[in-house]
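Can you keep this structure in mind? I'll have questions shortly.
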């Protein structure tokens with residue numbers, strides 16, 4: 001019974017942690033792509049996007 005409780009607590013703790021890591025990675029990748037697209041736009045002054 002104690003092992004079951006331990007695994008349950010571990011799962012409850014890990015789920016938000018893993019979700020936070022995934023969201024952080026998505027946000028970080030978005031920031032990186034924004035930086036790269038900003039650099040690309042600076043290299044091409046003829047476009048108005």
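The backbone N, Cα and C atoms fix where each Cβ goes, and this holds for glycine too.
Pasting the feature list from Swiss-Prot:
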- 1-7: topological domain 'Periplasmic' (TOPO_DOM)
- 8-28: transmembrane segment (TRANSMEM)
- 29-49: topological domain 'Cytoplasmic' (TOPO_DOM)
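Help me picture where these features are in the structure shown.
Mean per-residue pLDDT, taken over the topological domain 'Cytoplasmic' (29-49), amounts to 76.
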Could you give the number of helix, strand and coil residues in the topological domain 'Periplasmic' (1-7) as assigned by DSSP?
6 helix, 0 strand, 1 coil
